[in-house]
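As given in Swiss-Prot:
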BINDING   66, 68, 236, 311  Fe(3+) binding site
BINDING   66, 68, 236, 311  Zn(2+) binding site
BINDING   75, 138, 171, 239, 316  4-imidazolone-5-propanoate binding site
BINDING   138, 313, 315  N-formimidoyl-L-glutamate binding site
């Protein structure tokens with residue numbers, strides 16, 4: 001059915017800029033955008049359903065392209081200890097850190113993981129998020145990684161949001177493989193990835209390239225295994241040190257390389273040449289009180305597309321608001337509100353391999369958009385917290401939580 005949405009202004013985000021249409025109208029047909037433009041040029045015809053958006057600013061639905069939404073337990077106690085002077089090493093030695101999340105996730109049932117993740121996901125959805133990526137990586141064995149990925153598929157089936165599922169088995173070394181990282185990588189490549197891919201649980205494969213995780217050589221083995229299975233790759237890279245993981249990601253035409261505080265200009269050039277998206281995660285930068293900024297000028301100079309995501313996770317970015325991340329990207333990384341909004345729409349879509357169908361408001365694309373009662377698009381990165389008055393449309397149908 002054709003539906004007309006009118007009396008609005010639109011920031012289409014085509015080509016990664018606002019691309020504003022004043023006094024606009026949008027015609028949707030089923031789940032797709034059939035026409036968009038100035039209301040004065042609206043094609044004549046019958047529109048069975050007409051919606052008055054009352055002067056709202058319409059943007060594409062927000063896309064959170066890097067989250068770890070599904071996990072067991074809670075690490076707020078560790079947060080408190082760190083602020084009382086206990087070091088991360090001491091916390092880890094006492095069984096805390098990522099090991100505690102792995103234990104809690106392994107012990108939790110699928111239903112328990114679903115219930116806790118659904119609450120977190122609904123918080124993102126109330127922020128205007130219509131598409132989200134979720135990673136495994138807190139199971140670190142086949143059964144537990146499968147459990148997480150099954151929960152991700154279930155969330156996609158039961159909540160009105162589009163979901164991409166990423167296997168991050170190469171996130172950390174599980175306790176049963178202590179001091180045997182190469183053996184664990186072998187297990188991922190030979191057993192875990194083929195089994196999980198065969199079950200249709202994986203849309204992409206990620207890894208953590210860092211001195212406290214996996215080496216570039218080990219990550220490359222994961223990439224080769226993923227590509228043999230026809231799966232695109234992504235990478236956590238250059239968060240804490242420079243191992244040139246982002247250049248490795250570019251060599252394998254990764255969808256994205258994420259974090260990137262320690263990347264250099266050569267890495268930026270490599271990413272530009274492969275059109276690999278730089279996903280910046282200001283929540284983790286803020287929460288860890290980091291001081292090394294991503295090389296914004298190099299990214300801009302070489303025209304690397306920049307996305308912004310929440311990195312929602314229990315250890316380093318317990319962030320339930322993507323809009324807050326837009327503000328942090330502006331205040332911490334000195335991005336403009338326009339760059340930040342592109343980072344949570346069209347560039348985030350590219351980081352998920354979805355830019356042909358999502359991320360901007362153009363004819364033929366999926367009709368996912370938000371009508372915000374705001375004064376200008378920059379308000380999305382300006383206001384800190386709180387719920388903005390809005391209407392959310394997903395696949396051409398108004399959605400509510």
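Just so it is clear, glycine is given a Cβ too, placed from its N, Cα and C backbone atoms.
Listed binding-site residues: 68, 75, 171; maximum Cβ neighbour count within 10 Å falls on 68. Neighbours of residue 66 (Fe(3+) binding site), defined as other CB atoms within 10 A of its CB across all chains, total 31. Other residues of the same chain near the N-formimidoyl-L-glutamate site, with their Cβ within 8 Å of the Cβ centroid of 138, 313, 315, are 68, 71, 75, 98, 101, 137, 314, 316. Residue 138 (4-imidazolone-5-propanoate binding site) and residue 68 (Fe(3+) binding site) have their C-alpha atoms 9 Å apart, to the nearest angstrom. Here is what falls inside 10 Å of the CA of residue 313 (N-formimidoyl-L-glutamate binding site) among the binding-site residues 68, 171, 236, 239: 68. Considering only the residues assigned to 4-imidazolone-5-propanoate binding, 75, 138, 171, 239, 316, the longest pairwise Cα distance works out to 21 Å. The least crowded of the binding-site residues 239, 316, judged by other CB atoms within 10 A of its own CB, is 316.
Considering only the residues assigned to N-formimidoyl-L-glutamate binding, 138, 313, 315, the longest pairwise Cα distance works out to 11 Å. Long-range neighbours of residue 236 (Fe(3+) binding site) (same chain, six or more residues apart, CB within less than 8 Å of its CB): 206, 207, 208, 209, 210, 213, 245, 258, 259.
For residue 315 (N-formimidoyl-L-glutamate binding site), the nearest neighbour among the binding-site residues 66, 68, 171, 239, judged by Cα separation, is 68. Around residue 311 (Fe(3+) binding site), the same-chain residues six or more apart in sequence whose CB sits under 8 Å from its CB are 66, 67, 68, 258, 281, 283, 284, 317, 319, listed in sequence order.
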